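**Q** Pulled the feature table from TrEMBL, pasting it below:
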- 1-20: region 'Disordered' (REGION)
- 34-422: domain 'Catalase core' (DOMAIN)
- Arg78, Arg118, Phe167, Arg364, Tyr368, Arg375: heme binding site (BINDING)
- His81: active site (ACT_SITE)
- Asn154: active site (ACT_SITE)
Amino acid sequence: MAKKTKTRQAKQPENAKTKEMDMNREFAEGEFMATNHGVRINNDQDSLKAGARGASLLEDFILREKITHFDHERIPERVVHARGSGAHGVFKVYESLSNLTKADFLQHPELETPVFVRFSTVAGSRGSTDLARDVRGFAVKFYTREGNFDLVGNNMPIFFIQDALKFPDLVHAVKPEPDNEIPQAASAHDTFWDFISLMPESTHMVMWLMSDRAIPRSYRMMEGFGVHTFRFVNAQGESNFVKFHWKPLLGVHAVAWDEAQNISGKDPDFHRRDLWDAIERGAFPEWELGIQVVPEADEHRFDFDLLDPTKIIPEELVPVQRVGKLTLNRNPDNFFAETEQAAFHIGHVVPGIDFTNDPLLQGRLFSYTDTQLIRLGGPNFQEIPINRPIAQVHNNQRDGYMRQTINKGKSSYDPNSLGGGYPAQAPAADGGFTSYPERIDAHKIRARSKSFFDHFSQARLFYYSQSEPEKNHLIDAFSFELGKVKTVAVRQRMIGILSLVDRSLAAAVAHALRLPVPDAPEQPVNHSFPADADPAEYQPIQVEATLTRSEALSMAGTRKDTIATRKIAVLAADGVDDVALNAVRAALESAGAIVEIIAPRQGFLISANDVRIAVDHSLLTAASVLYDAVYVPGGTNSAATIEGEPDAIHFLNEAFKHCKAIAVDAGARQVLDATYFAYKLPADNAPQTVEREGIILESTSAELVKQFKKAIASHRFWDREKPRKVPA
Ligand code: HDD
């Protein structure tokens with residue numbers, strides 16, 4: 001008999017959806033191995049043969065079944081957003097939104113709605129690095145009592161194109177080039193910038209893409225946006241326009257570009273691991289749901305069109321109201337079954353939420369089911385556990401590949417009398433979905449509204465709203481990406497576009513590329529127009545901005561008073577001062593940080609007081625780019641060893657280069673003297689402050705902790721980039 005004691009995995013938070021999925025969970029501990037048909041397997045080591053040396057026999061159903069299943073294990077990856085990570089959680093509204101929407105999950109503050117969230121990059125393949133410069137997907141599936149509502153958004157509030165018809169062109173341009181399939185997960189290549197430089201409507205979005213938002217520190221530290229303007233409809237049938245936001249409670253933070261590239265090599269699963277680890281530790285990621293509401297009567301109040309997905313509604317014009325909280329509290333049991341098979345669809349709405357005529361949104365409504373049909377292999381993908389609603393499903397759809405539901409009864413049509421007329425249509429009062437009866441009176445025409453033709457004023461608003469370091473990063477990112485473009489004419493054309501946003505931005509990028517800023521950009525600026533059109537009719541218009549700065553567009557102001565979940569590396573060796581180390585570690589951990597000891601060798605350290613201290617990583621397996629800050633404790637022997645370790649000095653130099661907080665006990669001062677940035681430090685151990693660029697040198701642990709915590713919470717000391725002298 002196999003061992004029968006079933007030790008279940010650690011208890012994970014449950015909700016209505018995760019319990020509902022129990023019927024599909026398989027747990028092998030204590031069980032015998034069997035074929036897919038339930039026959040117990042006696043030998044899983046050797047195939048059936050005529051004699052020990054063969055030949056193999058076709059009769060071997062165990063071999064055939066195992067190999068066949070293996071041969072069919074792969075499904076197509078998502079055509080975009082292939083690389084991603086998911087988690088379960090719950091959503092709760094703070095107060096009823098019944099004045100705005102009749103959506104059940106937004107009515108009851110006590111109601112916990114299960115969710116599954118998938119974060120992703122866009123351009124790379126399933127196995128590509130998490131740290132690509134890219135937009136991040138932020139897709140949320142709410143399993144509401146009225147059916148699934150999917151908010152399929154991104155970490156940027158706008159999009160590249162205004163019409164879904166251009167989506168395949170955009171994606172072909174950004175994906176690896178078709179002849180040699182290079183580069184992987186990168187927009188820094190000719191075809192992308194060729195397309196972008198011919199499509200000025202993408203200018204606002206590429207400003208966001210070249211900003212640090214495209215290289216987040218963590219999925220947990222990103223904003224999310226529904227992008228399009230949607231509709232809320234209340235029980236009285238009144239409609240308001242609404243934009244959805246997700247605001248992370250940990251603030252919005254990024255890594256440095258050089259760091260991102262390093263992480264891609266040291267730990268390409270960095271974001272995936274970070275999300276997984278945080279949830280395993282119980283540091284549940286949280287976001288507030290924000291809404292911007294615009295009454296129907298105000299539809300034309302703005303100097304941009306609410307239906308144009310390349311525009312934000314600045315928060316200064318319509319404030320974001322925080323109306324609920326999303327908490328991710330459970331990792332999936334199985335990546336493929338849950339995260340990979342999750343099928344999101346912008347068309348999954350519930351009563352109380354409806355669409356607008358945004359032409360990008362309208363095209364998306366077609367694409368998502370269509371793509372699941374090929375990716376998940378047929379029309380029954382909604383029966384896969386992760387996609388199954390918790391609301392009941394009764395309809396007359398039948399059959400198809402892999403049908404799971406066993407529909408009883410004779411009738412599968414409506415109207416019917418043999419089935420008693422069931423399933424019956426639901427009156428609106430019983431939750432039947434009714435589309436908002438928007439009046440449309442128009443000619444059938446392929447065209448773009450003139451109200452969509454201002455491509456630069458919000459790009460400019462974004463640029464002007466950035467802090468100085470953020471502006472520098474934007475310039476560096478454009479210079480890097482266009483520097484990777486081989487066709488000089490494309491670089492030049494893009495500088496022309498940038499000059500229409502801001503001449504100083506264009507000049508800075510042009511300087512790096514040693515190209516001129518043209519007095520007037522190449523004509524026509526916009527190459528996206530119909531064959532019979534007069535190009536002049538399609539050129540961008542310049543709109544006088546009503547707003548020159550929006551605080552909400554900069555990451556600089558986001559939350560800076562916590563070190564929760566920040567990772568701190570301790571560089572130590574035998575002989576370390578364990579009193580100081582333990583005091584600092586305890587203080588940081590009690591503030592929610594994660595402290596890891598990195599030593600020359602794996603295993604353990606022996607402290608100055610002969611105490612064994614477990615080591616988390618050796619200098620070989622750790623890297624500074626995987627941490628937010630570094631601490632070097634004192635202890636004469638430890639400091640001398642660390643000083644003599646080139647990898648440890650490199651660790652500190654790199655942490656300095658990436659503008660991270662560094663704290664060093666007075667007794668380890670010699671380690672700092674061996675770094676490249678020793679020149680930044682005073683000759684003695686005079687107290688340092690956070691303002692002195694985040695290098696903390698204190699003689700007491702208590703003071704060191706105080707300053708260090710402040711410095712870590714500040715995230716980065718971007719001013720250090722200015723000298724740009726540090727080799728690491
Ligand atoms: Fe899309 C996936 C977000 C425009 C067609 N999209 C996908 C995912 C996200 C977005 C987050 C991954 C969902 C997941 O984790 O499984 N997409 C957006 C946003 C857009 C957008 C915020 C603009 C506002 N998408 C867009 C357009 C089209 C598509 C215009 C086509 C006309 N998107 C798809 C798709 C994908 C997809 C091909 C690939 C995999 C999938 O749907 O399930 O249908």
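Even glycines carry a Cβ here, placed using N, Cα and C.
All TrEMBL annotations are machine predictions without curation.
I'd like to know what surrounds each of these features in this structure.
**A** Over the domain 'Catalase core' (34-422), the average per-residue pLDDT in this prediction is 97.
For Arg375 (heme binding site), applying a Cβ distance below 8 Å and a minimum sequence separation of six or more within one chain yields Ile75, Pro76, Glu77, Arg78, Val79, Ala343. Under DSSP, Arg375 (heme binding site) is assigned to a helix (H, G or I) in the three-state scheme.
Shown in sequence order, Ser120, Thr121, Val122, Gly137, Ala139 are the residues of the chain, 6+ apart in sequence, with a C-beta less than 8 angstroms from the C-beta of His81 (active site).
Long-range Cβ proximity for Asn154 (active site), meaning a same-chain Cβ under 8 A and a gap of 6 or more residues, is found for Val135, Arg136, Gly137, Phe138, Gly224, Phe225, Val227.
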**Q** Please give the heme site's span as the largest CA-CA distance among Arg78, Arg118, Phe167, Arg364, Tyr368, Arg375, to the nearest whole angstrom.
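**A** Roughly 21 Å, rounded to the nearest whole number.
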**Q** Taking DSSP three-state, what's His81 (active site) in: helix, strand or coil?
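**A** Where His81 (active site) sits, the three-state DSSP reduction gives coil.
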**Q** On the three-state reduction of DSSP, what should I expect for Phe167 (heme binding site)?
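**A** Helix, per DSSP.
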